[in-house]
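K.L.:
Below you'll find the structure I mean.
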Amino acid sequence: MATNGHFATIGVDNDKTAYEHGVQVIDENKEFNPNISKYLSLENVTPAGFNYHLISVFGSQSTGKSTLLNHLFGTHFSVMSDSERRQTTKGIWMSKNKKEGEATVDPTLRMADNILVMDVEGTDGRERGEDQDFERKSALFALATSEVLIVNIWEHQVGLYQGANMGLLKTVFEVNLQLFLKDKNTTHRSLLFFVIRDFVGATPLKNLQKTLMEDMARLWESISKPPGLESSSVHDYFDFQFYGLPHKSYQPEQFVAETKKLSLRFREGQRDPSMDARRGEFSEGGVFLPEYHRRIPADGFSRYAEGIWDQIVNNKDLDLPTQQELLAQFRCDEILREVMIAFDEAIVPFEEKQSQSARLGEPEVLGGLGAAMRSSRAKAVKNFETEASRYHKGVYQRKRAELESKVDTRLKALLQGQLNAAHKSGINEFSEAVSSSVKSGQKQGTGYDFAEIVNEEVKKAIAKFEDVARSTVVEGTTWSDYKQELALYEKELADVSGRLRREEMRRLANRVERWVQSRLGESVGLEFNALGSGRAGGGAPETGEKPLEKAFWDRVWNVFVETVLDAERRFTDRASSFDASLEEVDVGLWRLRRKSWGVLRAKIDEEMTEGNLLLKLRENFEDKFRYDDAGVPRIWRPTDDIEGIYTRARESTLTLIPLLSRFRLAETSAPPPLDRWIGHTPSSATPADEEDLPPIGGVDEEEGKSLDEEMMILSEAKRQELTVRFKKAADGVYVEAKRSAIGGMTQVPLYFYGLLLALGWNEIIAVLRNPAYFFLLFVCAVGAYVTYQLNLWGPIIKMTEAASSQALVEGKKRLREFLESSDTGRQAIAMSAGSGRSGEQYELSDLSKKGKARTSADEDMDDL
């Protein structure tokens with residue numbers, strides 16, 4: 001490749017060797033190369049941040065600009081052949097300093113890092129002729145991007161206007177003022193470094209400096225200045241340095257030595273406040289001062305340069321602050337996207353897992369979430385700050401706030417999901433733990449303190465929730481305050497504790513109600529069984545006074561009240577361990593009294609069913625009819641007053657029917673004070689407390705029943721029907737008694753004994769006269785009596801039956817043996833067997849003495 005013009009297509013590969021001669025930034029057709037960022041990346045300039053420097057070179061065409069850059073920076077820009085005079089550099093080219101890191105005699109004097117050199121197309125070339133548009137645009141581009149502008153000028157051109165590129169420098173001054181007008185808050189300062197070529201030393205360098213500075217002052221005075229800048233000086237915007245180089249062809253060794261010496265000037269330096277360019281004092285130190293840098297990060301330079309050139313080539317007013325903001329906007333967006341990709345890799349798995357748990361309705365506390373949230377947020381902010389803080393501060397701060405907002409929005413959602421999961425799982429675990437502890441206490445039978453269990457589990461639940469919250473929050477963020485969530489959690493724990501307490505009290509009430517039901521079932525049942533005991537019948541108590549039948553309901557009511565009072569004491573004592581409020585205890589006792597009345601009424605209705613009541617009435621009647629006042633059973637005789645006893649017993653029993661038909665106390669002849677005993681509905685009772693309670697007449701006004709109606713046990717129709725049925729049953733008992741009395745009159749007639757004596761007189765005398773008969777009769781009588789007293793008649797009879805059976809079997813066996821031993825018998829057996837084979841065969845079962853098939857048990861009995 002001989003000339004730079006051939007390099008316009010370079011930069012499409014990722015091979016670093018493709019950029020050996022640099023990269024064409026802008027071609028001769030004013031097109032910007034989009035591969036600048038790729039070149040900077042291959043040269044490892046992109047991550048440098050602000051640690052890079054940009055130099056541009058100006059000068060007339062064919063004055064050795066590319067040659068100068070190649071010697072200064074080791075670049076490989078193509079140079080003009082000595083045998084012809086034509087344009088070599090087309091457009092603007094850029095290359096990185098190749099001498100970076102070279103050893104020097106003085107280690108402190110080394111070239112700056114990441115120096116980028118732009119070789120600008122020469123001016124006053126015949127190829128463009130009168131077209132100076134590109135010259136102006138390239139000058140504006142170089143001034144907007146470069147820190148140092150090298151003006152390549154020959155010694156003999158100093159003092160000339162065209163030859164010394166005074167027109168180009170005038171353009172540079174005008175462009176600089178244009179940039180200043182767009183950004184009055186910042187003075188865009190640059191260094192104009194005049195490299196005087198073919199310097200022979202006849203004219204001292206200071207004189208050349210003076211001439212050039214006079215020309216610069218004249219040029220500055222000649223340009224039109226905006227209002228307020230009329231008195232400004234060129235030194236307000238530019239610094240100047242000068243250097244003379246020997247002739248390359250005539251003094252090649254000196255030229256190489258001086259260019260090497262000059263290259264060491266391209267290092268970072270500091271302004272010397274003691275020097276004043278107006279007095280002709282110019283620094284010979286490092287050329288890269290901090291104020292020259294355009295403060296465009298290396299990773300955004302390509303985008304920034306493209307935006308600058310786009311405005312220049314479209315003849316728009318160049319607005320560097322706007323371009324910097326646009327660049328900052330673009331780069332911050334890119335950095336934000338890159339940062340969010342890394343953030344997503346860390347956070348998305350947790351978001352997906354949390355979302356899946358929410359869909360399944362199975363809240364799960366995610367382990368490691370807090371550490372991942374803190375780490376990913378810190379990395380995202382730090383990485384963004386590292387890459388984006390070099391750009392426009394306003395844009396950076398705005399985009400950082402946007403990044404933090406995006407990150408915090410998602411992290412806040414994760415935190416809320418984590419706290420919700422901890423909330424729900426904590427509530428479930430709390431309920432299960434309380435229930436498990438209660439069941440364990442019930443199984444052990446040692447008792448348990450429900451309030452203590454709840455308090456302990458509440459402390460554990462809150463501690464666990466706070467552990468999850470503290471391990472998940474991100475310190476330093478406003479959304480990491482979980483006090484509200486903790487308050488809601490504590491409130492629901494209190495609600496659940498109250499619900500569990502109410503459920504436990506409800507279970508306690510159920511246990512007490514079952515105890516009341518059992519006690520009332522026994523006690524009231526005994527009272528009903530004692531009906532009629534006033535006559536000392538079957539239901540009478542063994543000792544003590546006989547209860548009066550008319551006080552039956554008094555006894556039932558007293559038993560009921562005492563039982564319920566005992567149950568209330570049990571309920572109150574147990575409820576105290578639940579930490580229940582007085583209102584809850586009042587509601588529980590009120591429900592207990594209502595439920596207990598329902599139990600009593602159900603027991604009464606059970607005892608007062610038609611069948612049970614009729615049986616009780618009959619027993620009461622029979623106690624009075626069949627037994628006397630001393631409780632001795634009556635043996636009816638024809639002389640007894642059966643009708644009178646029957647009438648008194650029946651009428652006495654009939655008085656029980658109206659007594660039992662209505663629940664009334666004997667003392668007051670009025671229903672018991674059920675309404676006062678139950679009491680009014682507590683103000684703290686909820687509809688749920690009342691929904692399972694049956695209405696009670698005289699207590700619940702909406703029921704529409706009075707207390708008298710509530711105490712009605714038997715209706716009038718039932719009473720009449722019961723009376724009729726009882727009378728029929730009593731009549732049956734009376735008829736039976738009558739028959740018994742009449743049956744007792746039957747006896748053997750007296751003449752029968754006389755007839756027996758007359759007919760059996762001879763036999764009686766024979767027995768009495770014969771001692772043997774008499775003794776035998778006496779022995780048999782004594783033996784029979786002894787056998788009866790010893791209860792041996794059964795075994796004797798069984799032994800007799802067994803002996804007779806055995807004798808029968810033995811007789812059959814002997815008969816068969818006898819028949820088989822004689823000829824006649826054998827013929828008979830043969831005939832019997834033949835007839836049996838020719839006809840049907842039947843199997844005969846061995847029967848017991850009762851005519852049933854004999855079993856193994858019968859055989860065992862036979863063996864006995």
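Cβ coordinates are placed from backbone N, Cα and C, and glycine is handled just like the others.
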K.L.:
Quick one: which of 81-107, 675-701 does Swiss-Prot have down as region 'Disordered'?
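P.N.:
Spelled out, Swiss-Prot records region 'Disordered' over residues 675-701, not the other listed ranges.
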K.L.:
Same chain only, please: residues at least 6 beyond the ends of the region 'Disordered' (675-701) with a C-beta under 8 Å from a C-beta of the stretch. Say none if there are none.
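P.N.:
Contacts of the region 'Disordered' (675-701) (Cβ under 8 Å, skipping residues fewer than 6 from its ends): 561, 583-584, 586-587, 590-591, 593-595, 597-598, 707-710.
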K.L.:
Looking only at residues six or more beyond either end of the coiled coil (480-506), which have a C-beta under 8 A from one in the stretch?
P.N.:
415-416, 419, 422-423, 426-427, 430-431, 434-435, 438, 450, 454, 458, 461-462, 465-466, 469, 473-474, 575, 578-580, 584, 588
K.L.:
Could you tell me how many residues in the compositional bias 'Acidic residues' (688-701) are helical, how many are strand and how many are coil under DSSP?
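P.N.:
Once the DSSP states are binned, the compositional bias 'Acidic residues' (688-701) shows 4 helix, 0 strand, 10 coil.
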